[in-house]
Amino acid sequence: MEGSSNSPDRQSSGGSPPEERGGGGSGGGGGRSAAGEPVRSRWTPKPEQILILESIFNSGMVNPPKDETVRIRKLLERFGAVGDANVFYWFQNRRSRSRRRQRQMQAAAAAAAAAASSSSPSANTSPAAASAATVQVGLPPVAVVHTMAMGGSACQYEQQASSSSSSGSTGGSSLGLFAHGAGASGAGGYLQASCGASASASSALAPGLMGDVVDSGGSDDLFAISRQMGFVGSPRCSPASSPATPSSAATAAQQQFYSCQLPAATITVFINGVPMEMPRGPIDLRAMFGQDVMLVHSTGALLPVNDYGILMQSLQIGESYFLVARPT
């Protein structure tokens, strides 16, 4: 039979039963496969079917129940013959490969951590000092730039220790801060602003850092990609503060800079499993991908286009789509 030669590490074995000695393929599916389904040769999924299966698996559905297996099988049948048992065994073998890779990564991480701890010259380094960022070139020696994550983007926090009370500057400073390291003037679409804001003003900005996340679909969308990717549609602001300058001559100076990014004119979607930046609004599908392709949503719905190859509906942020060849 076919079970003795299967291996979870091979992609082509995704639709065949896992290793079974003498198994005839009738009871190895735990009741998942159809009772009247005949024994067949090894199923080799097509590239389009692999992309759909991987997208569903990566979205969190690693062990679909019987009714969902039927829905997935109907979706895969658009690109070739497939049975319920093939879908069930593909997910079973895919879980085995995922667990094996996870064990290998954990072992490698443990070995690297052990090697790093044994070769460390000093054990007195505090976690805060170990996570400190590099000193920015061109700034005074006491100016340090820290990197932190806000709203899915890298923001920089600049702190300058200034014990001198004679510097009366409270607003505009000559220290240029570009949150994402934009070197050229005007490049990247960033605004530069400096203001002496209080702690309450900076805390008021915190609720708006994540912006209005576009919610397309919902719990009923079976194959929607997870929204936990940090993509937002509103501007991201990154506070960078320095010690304050009160009227007292003995305290330090504080300056806060806010580098805000203009709203992006593109959205991030997944096409054939690859994240891509696509423009908002109508898209010329024919000019972008060619004349003999169609765009299919991960749920199996075909996106309509007009006679000129323009999509008649806008793509949704974070959703997964597939480019397939137009049948001849």
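The backbone N, Cα and C atoms fix where each Cβ goes, and this holds for glycine too.
Summarising the annotation, Swiss-Prot assigns compositional bias 'Polar residues' to 1-11. If you look up Swiss-Prot, you'll see 1-45 marked as region 'Disordered'. What Swiss-Prot records for 23-33 is compositional bias 'Gly residues'. The feature DNA-binding region is assigned by Swiss-Prot to 38-102, with sequence analysis given as support.
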Quiz item: If you average the pLDDT over the DNA-binding region (38-102), what number do you get?
Solution: 88
Exercise. Give the residue counts of the DNA-binding region (38-102) per reduced DSSP state, in the order helix, strand, coil.
Key: 42 helix, 0 strand, 23 coil
